[in-house]
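Database features, via Swiss-Prot:
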BINDING   Cys15, Cys18, His19, Met81  heme c binding site
MOD_RES   Gly2  N-acetylglycine
Amino acid sequence: MGDVEKGKKIFVQKCAQCHTVEKGGKHKTGPNLNGLIGRKTGQAEGFSYTEANKNKGITWGEETLMEYLENPKKYIPGTKMIFAGIKKKAERADLIAYLKDATSK
């Protein structure tokens, strides 16, 4: 799908201020993303999610992340994620490739 190394750079620039990916990583403003792929929304243990996030009821995967990362507030109205989104599909694909790799270790 995307390029893991390019995705890592995007994560560092746009996501790492609020999220960690490593197993056992701490929650920041946003939840630790380890184990993200295949998990339902609002399920990272120990993180305080909005009801909107908990009630969305989708499972994170390539397709759901592709849509969410384009415009988080449109995909989950009421989310507390303040990130505006990534408009370029190729950049989202790179980020998702990195997340698939980094959050599964």
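In case you wondered, yes, glycine gets a Cβ from its N, Cα and C as well.
If you compare Cα positions, the residue listed as 'N-acetylglycine' sits closest to Cys15 out of the binding-site residues Cys15, Cys18, Met81. Those residues of the chain, other than Cys15, Cys18, His19, Met81, with a C-beta within 8 angstroms of the mean position of the heme c site C-beta atoms are Lys14, Ala16, Gln17, Lys28, Thr29, Gly30, Leu33, Phe83. Applying an 8 A CB threshold to same-chain residues 6+ apart, the list for Met81 (heme c binding site) reads Cys18, Gly30, Pro72, Lys73. Counting only same-chain residues six or more apart in sequence, the Cβ atoms lying under 8 angstroms from the Cβ of Cys15 (heme c binding site) belong to Phe83, Leu95. On its own chain, His19 (heme c binding site) has Phe11, Lys28, Gly30, Pro31, Asn32, Leu33 as residues at least 6 apart in sequence with a Cβ closer than 8 Å to its own Cβ.
For the residue listed as 'N-acetylglycine', other Cβ atoms within 10 Å of its Cβ number 21.
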